[in-house]
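I have placed the structure first, in the form of structure tokens, so that the comments after it can refer back to it.
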Amino acid sequence: MTTNVSNMTIYLARHGQDEDNANGILNGRRRDTPLTIRGKQQAQALSDKIRQFGLQFDSVYSSPLQRARMTADIAVAASNISSIDIVEELSEREFGVMTGVPIAEIADRCGDDDILTTENVTYFLSPEGAETFPELMERAQRVLDYLQDRHVTQKDGATILLVTHGDFGKMFYANFYKLDWRDVLTSFHFDNSDLILCSSKVSSPPKMSDTHIFRSCTAPTTALPKVFCNPTPIVNLQSFLDGPPATLNDDGVSVTAQLIVDSRCHLGECVIYDDRRNTILFTSILERRFHKLDLNTSNGGDSQQQSFDLPKMLCAFGLLDQQDVGYIVAWDDGFQLYDLEGGKPLSPMSDGEVVNRLGLPDRLNDGRVDPTGRRFVCGGCAGSNDPLKVYQCDYDPSSKTLRHRPIVDEIRTTNSICWSNDGKTMYLADSPTRRIDRYDYNFETGLLSNQRELHRKDHGDPDGSVVDAQGFLWNATWRQGKGTGMVDRIDPETGEVVFTVHLPDETSEASCCCFGGPKLDVLFITTAWENLDPQLEPHAGGLYAVKLPTGMSGCPEKRFKI
């Protein structure tokens, strides 16, 4: 039977992160682990976006596995749905002998002939006892037939939510649009709590991510296209930028930032100011999204804030010197010149291993262009037990490629990369140590020496930093639900905190900061809601800013030379 789906609009939701996902274990339909705290947050974010987009469902169906059922319960708790129907055939793929196997062992256990490797996932194809993808396509057809039978009397068309799993969801999508299963596996990643629209009423199949907007997944095997997300700035930017400095708090040595854009980034990071275009730029790492806030207030309204979907996690980036298009970028696994707005590579990836992922959650993290403009310095964030490195990356004009080499051999979580105004001192933090260190920086070689401690945090971990025009270091403090986030202004000689910018009480994860605006007298701060309860910190992940007191201002961001 071939189902006529013209009268149904179906949304596919993948469950939030479960314990096996977090631990890098293949689960399948025979392992039934619950959602992690992060998974519950993802399910709540999915619920928020369903409400934000005004989606209403006639029926909701879920896989019987608890990770899907928990996601479904949270996602529709505030809707008009009174019950969720459990459908066995929405279960995850049967993994056979791969059930319970570490993701890192897929290639070794299956061999090159029985795997399909994409940018995000290595798929096993037909190990002993596992469902094949064509068999999953057949199961998806049975689910479609079932839905058609149940909703045949709804002549105006039923709107349905299916809460399911990664492999089955992609095969349902392939079956619905009559696409080749290999093309679907390689065209996009169906991540935890993503939402995909299946409807014959649209000319191309759009996707909605767990945080913001419908994200187009058009023709398979093509690059992910540009996306626009327009949460309107919640303050009048012109009045804010032209207005007076913030009022000092009662202690006389601090001010409080205010929310500028309610961007709800899972992990907002690497905020920098492009002085040529008068724009604030930042990344939402885990959501693979690049944000751009236009400070040219004459543009007005919703056009001020845009977001762009990316093929990988963008961990850090820098401006280019000779051209306005493109950036030096640190993806989760390497370096590249890339047009983030246009979605186009401008160079190959740098040669050589940067992060050997092997299914582990290791990636690059904080980075910045050095004072000479010849190097981009960036280090790792270790999600596994092995420490990573800090690298310097430069451009070879003869081969038109990027090259990198390590300059720090062992680090857990790289942060605070920036330089003194004379360029002779580089600041660097390994966040779990709560220390910010300073090093002598060699202009000619880019190598470090003479490590010594500058500052140690009493509460929270040091995250991103920037140096002001007066030579003081400003450091964002990551407190992860254990107090109000802040940015400290630190004396470069004594290491003492001399001034503080507080976030509002309900926001604890300050992640990075930069100076922006035509006079470089506004401090912009990215935040996150990683491992937090979004109900307790409703504006976590937003972009905050404060107009600084007279006498405090920043320097233009250095640009990478090619």
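Placed from the backbone N, Cα and C atoms, the Cβ positions cover glycine too.
Keep in mind that TrEMBL annotations are predicted by a computer and have not been checked by a curator.
Going through Arg51, Arg67, Arg69 against TrEMBL, the one listed in the substrate site together with Arg14, His15, Gly16, Gln17, Asp18, Glu19, Asp20, Asn21 turns out to be Arg67. The full span of the recorded substrate binding residues, Arg14, His15, Gly16, Gln17, Asp18, Glu19, Asp20, Asn21, Arg67, taken as their largest Cα to Cα distance, is 15 Å. In the shown protein chains, 25 other C-beta atoms lie within 10 A of the C-beta of Glu92 (active site, proton donor/acceptor). Remark: of the binding-site residues Asp18, Asp20, the most isolated position is Asp20 (fewest other Cβ atoms within 10 Å of its Cβ). DSSP gives Arg14 (substrate binding site) a strand state. Of the recorded residues, His15 (active site, tele-phosphohistidine intermediate) and Arg67 (substrate binding site) place their C-alpha atoms 6 Å from one another. Summary of the substrate site environment: with the site residues Arg14, His15, Gly16, Gln17, Asp18, Glu19, Asp20, Asn21, Arg67 set aside, the chain residues having Cβ atoms within 8 Å of the Cβ mean position are Ala22, Asn27, Thr33, Leu35, Thr36, Gly39, Asn192.
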